[in-house]
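**Student:** Have a look at this one.
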Amino acid sequence: MSTGPFPSSRREESSVSAPSFRFSQRKMLNLLLERNTSFTQDFPRSPGDKLLDSTNLSILSGGTPKRCLDLSNLSNGEMSASPLITSADFDDTGSLDSSGPQDVQLTEKNHHQDPMKGIPVQLLCSTPNALDHSHRKKDAVRGLSANKENINTNLKTLQWESPRIPRFQNTPGDPLASPLPLLGNGVSMDTEVRSLGSPITAVPKLSKNLNLEDQEEISEEPMEFSLEDHDTKECVLPTVSGKHQDLKYITPDTVAALLSGKFQGLIEKFYIIDCRYPYEYLGGHILGAINLCSQKELHEFFLKKPIVPLDIQKRVIIVFLCEFSSERGPRMCRSLRRKDRALNQYPALYYPELYILKGGYRDFFPEYTELCEPQGYCPMHHQDHQAELLMWRNQSKAQEGERQLSEQIALLMKKGVSLP
């Protein structure tokens, strides 16, 4: 049955328009594919990245065979599905094909790559694209964990992050270089830290448990060495070591030789100063000794009118003693030296040679009783002189307080501080 010219023309138009429709559909599909594979500012991607990309998750999910839809027959209203060819290996372009339950292995040009060798030595900065890329990886990993029942367990090796090449390479001597250990050389952070010597750990710790004797020595050293005089002139009398390192000690034998005139060719005059209290001095003292128990009397005796030797080749020496030559004798000796130093310009002194009788009168009396007058020995704590002992001690403390106050006032005046 003839339908006229119009039906035939319609068939011709449909036959002509069908290829053009398929061509337009393919063109749109190619545009979509080109859009997905267009160049971006992201870092170069590795096969591991493409495996973790969200666009490939559909291939990894489930065990159902995948079909490829043919869109060429859309004009006829038919769609054909063809099975997708799967493979467990990567092709040359780095794309991944699914092979169902087969094991997935990462290979690159037929050789294994050390994951630590590909990590950059130092990364100076990060870009927003790298951060976005890392976020996409995190989403992909969460998607894999959510669908872990349908994924092969051998895919756990894909959690390793592929090496990246930083956009900015560090230069030698760059101040912004990271101090992290060189992972590319296989050096661990612990080894790097241990190789750096710390000055804090190298310092030995001080002992907290000091003996009482050591503490006393430490507290006394500044006072002793501050009063020490480094005289280049040799001493006339032979000296020995004593309790105070800054003072010069002589033995009772030397004092006895001095009294016998053994050193007349070197010494013009000598003075033996007995620093004990008057009741001790009256109980027995060395022949020719002068009793001076206060610093004021000592200064007036020797410094009010200094004793100068007539022969410049000879010297004037002073020997101090008390009962044990432990406290009072050394204190008086230091007082005279301090005052003498203040009245002269260093290193000049009126009395450069001051000595201490080691052991005091207690050691001298038993050995040289004939050189004592009277020939007796009255100790400081004698039962018959307790009241006198208390009186002289109070007087000595008062004089010491006045001396310290006068020294502080003189020091303030020297610094220019006005007193009220």
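Here, residue 1 is simply the first one shown, and the rest follow in order.
Cβ atoms are placed via backbone N, Cα and C, with glycine included.
So Swiss-Prot lists these for the protein:
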type	residues	note
REGION	1-20	region 'Disordered'
MOD_RES	SER2	N-acetylserine
MOD_RES	SER20	phosphoserine
MOD_RES	SER38	phosphoserine
MOD_RES	SER54	phosphoserine
MOD_RES	SER58	phosphoserine
MOD_RES	SER61	phosphoserine
MOD_RES	THR64	phosphothreonine
MOD_RES	SER126	phosphoserine
MOD_RES	THR127	phosphothreonine
MOD_RES	SER219	phosphoserine
MOD_RES	SER226	phosphoserine
DOMAIN	266-373	domain 'Rhodanese'
ACT_SITE	CYS322	active site
MOD_RES	SER418	phosphoserine
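How about a rundown of where these features are and what they're close to?
**Tutor:** Non-local contacts of SER20 (phosphoserine) by the CB criterion (under 8 A, 6+ apart in sequence, same chain) are absent.
Secondary structure of the domain 'Rhodanese' (266-373) per DSSP, as helix, strand and coil residue counts: 42 helix, 26 strand, 40 coil.
With a 10 A radius on its CB, CYS322 (active site) counts 25 other CB atoms from all the protein chains.
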**Student:** Calculate the per-residue pLDDT averaged over the domain 'Rhodanese' (266-373) and state the result as an integer.
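**Tutor:** Here the mean pLDDT over the domain 'Rhodanese' (266-373) amounts to 96.
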